[in-house]
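Copied from Swiss-Prot, the annotated features are:
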- 1-100: region 'Chaperone activity' (REGION)
- 1-79: region 'Homomultimerization' (REGION)
- 1-50: region 'RdRP binding' (REGION)
- 1-175: region 'Viral panhandle binding' (REGION)
- 4-71: coiled coil (COILED)
- 69-89: region 'Disordered' (REGION)
- 69-78: compositional bias 'Basic and acidic residues' (COMPBIAS)
- 80-248: region 'Interaction with glycoprotein N' (REGION)
- Asp88: site 'Important for the endonuclease activity' (SITE)
- 100-125: region 'Homomultimerization' (REGION)
- Asp103: site 'Important for the endonuclease activity' (SITE)
- 150-175: region 'Interaction with host RPS19' (REGION)
- 175-217: region 'Viral RNA-binding' (REGION)
- 178-181: motif 'YxxL' (MOTIF)
- 188-191: region 'Interaction with host UBE2I/UBC9' (REGION)
- 377-425: region 'Homomultimerization' (REGION)
- 377-433: region 'Interaction with host DAXX' (REGION)
Amino acid sequence: MSDLTDIQEEITRHEQQLVVARQKLKDAERAVEVYPDDVIKNTLQARQQTVSALEDKLADYKRRMADAVSRKKMDTKPTDPTGIEPDDHLKERSSLRYGNVLDVNAIDIEEPSGQTADWYTIGVYVIGFTIPIILKALYMLSTRGRQTVKENKGTRIRFKDDTSFEDINGIRRPKHLYVSMPTAQSTMKAEELTPGRFRTIVCGLFPTQIQVRNIMSPVMGVIGFSFFVKDWPEKIREFMEKECPFIKPEVKPGTPAQEVEFLKRNRVYFMTRQDVLDKNHVADIDKLIDYAASGDPTSPDDIKSPNAPWVFACAPDRSPPTCIYVAGMAELGAFFSILQDMRNTIMASKTVGTAEEKLKRKSSFYQSYLRRTQSMGIQLDQRIILLYMLEWGKEMVDHFHLGDDMDPELRGLAQSLIDQKVKEISNQEPLKI
């Protein structure tokens, strides 16, 4: 009962504070109409934020009150001596105990599934913000993504920055960037921004800005992404000139040897792939690409572009829609996702534990990337992924960060110094470094 009483007291207190705050807000709005100077406008903004914060807290307390009342009802409900719930259809008790009640009132099955997003609406929404707030939000959801998601799970957060504002009747108000942080039970609307969709759309729209500021997701850093993107134009040019094992050109008698050599190159295979992609466009994604081309975005139009690999710097969970019709781009993202799985498998293999515990440490980035990308309307070309792996797989594995990069000789020397010093100052057994 004390919990319910405490929550009710908090609700009453916040309602009183909200009444006062709303009255102060009305006073400030009237003052702005009479004396529209900066000081009074700033006061108005501060009072708007206070009212918004109090409304959020009050809504949270009311949710907690509803949950507490629901729990209390469940606790006081008389138990059936047979152990069977009154509305259970079983005639005899199951061997399983009763678990949680899953409330599905909030789920709308008419909405598209989580794999489907309205990329045009999402893209137009994001492009409507200033670059600083977009990149800062990207940093919070990629470089510091795990912490941000953990702290805000199950809520709809708002990013705020001084560069993002809108003028309404001469009053400068913050223009918040909204991102939903879903739980496993959440159903997302087609136009709703989630961390995965946000990283996907921003990486596809602003790779040059990401490259200049070196914004990178930790999961990309540990697979050696920094090494991979170094000298990218030269790297991809050399790759394109190499012989492709999947091409067997039909050579007519008298064809010059130089032309025959050219027809066997990876470049020709990529040209063929581009022809296939050009025939499989989706109208909404074409609209997004056209809209982005008229503004600030810097989406790559060729895999040889210097900023092309930076589309994947923040580990989007699928190929960004703005470059999905560029030959080799979606497959490059799949290559990175395989590298993430390879590194996690290596890390799981070197840890101590049972086979089951090791399996839990493995990941399925590739399967997730494949499923999400193909739901956007294209099939990935597995041969291109294989070409990437043959060309760069070995050197990328050699540049994995495996958390134990200390030289064996250095480790041995450091351990001997530790052992010696511990023996000098105590009779305890020295720990291993």
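Numbers here mean position along the shown chain, with the first residue as 1.
Using the three backbone atoms N, Cα and C, a Cβ is placed for every residue, glycine included.
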Winner by Cβ contact number (other Cβ atoms within 10 Å) across the recorded sites Asp88, Asp103 | Asp88
Which bits of the chain, at least 6 residues beyond where the motif 'YxxL' (178-181) starts or stops, bring a Cβ under 8 A of a Cβ in it?
-> 137, 141, 149, 152-159, 188, 192-195, 198
Asp103 (site 'Important for the endonuclease activity') and Asp88 (site 'Important for the endonuclease activity'), Cα-Cα, nearest whole angstrom | 17
Where DSSP helix means H, G or I and strand means E or B, what are the helix, strand and coil counts for the region 'Interaction with host RPS19' (150-175)?
-> 3 helix, 13 strand, 10 coil
